[in-house]
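Dropping a structure here in C-alpha cells format, bear with me for questions.
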C-alpha cells in the first residue's frame with residue numbers, strides 16, 4: 001500500500017513538473033514573440049532616417065495609382081504594308097536546309 005502511494009506521488013510530481021516546464025516554455029515563447037514584434041515596429045519604413053534614392057519616389061506614390069508612362073507616341077501610325085518595307089522581312093519565308101540541332 002505504501003509503495004503504491006509513493007508511485008502516485010512520483011507520478012504527480014513528474015506531471016506537475018512537466019506541466020510547469022511546459023508553461024514556462026510557452027510563456028518564454030510568448031515574451032520573445034512580443035519582443036520581436038515590438039522591436040520590428042521600430043524599423044518600419046516611415047521611421048528610416050533616409051530612404052534609398054530609387055525607393056524614394058516609389059513610396060511617395062499611393063499604392064492604387066499606376067506610374068505615369070514616360071514613352072509617348074506622337075507620330076503617324078504605320079500601315080500594315082509599310083511594315084515589311086521598313087524591316088525588309090518577309091514573314092512567310094521558310095528557311096530550308098539541314099537542321100543544326102540534328103548532326
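Note that Cβ sites are derived from N, Cα and C of the backbone, with glycine treated the same way.
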In Swiss-Prot, which of 38-70, 71-103 is labelled region 'Disordered'?
71-103
Run through the Cβ atoms and count how many others sit within 10 Å of the one on residue 98 (O-linked glycosylation site).
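So the number of other Cβ atoms within 10 Å of residue 98 (O-linked glycosylation site) is 7.
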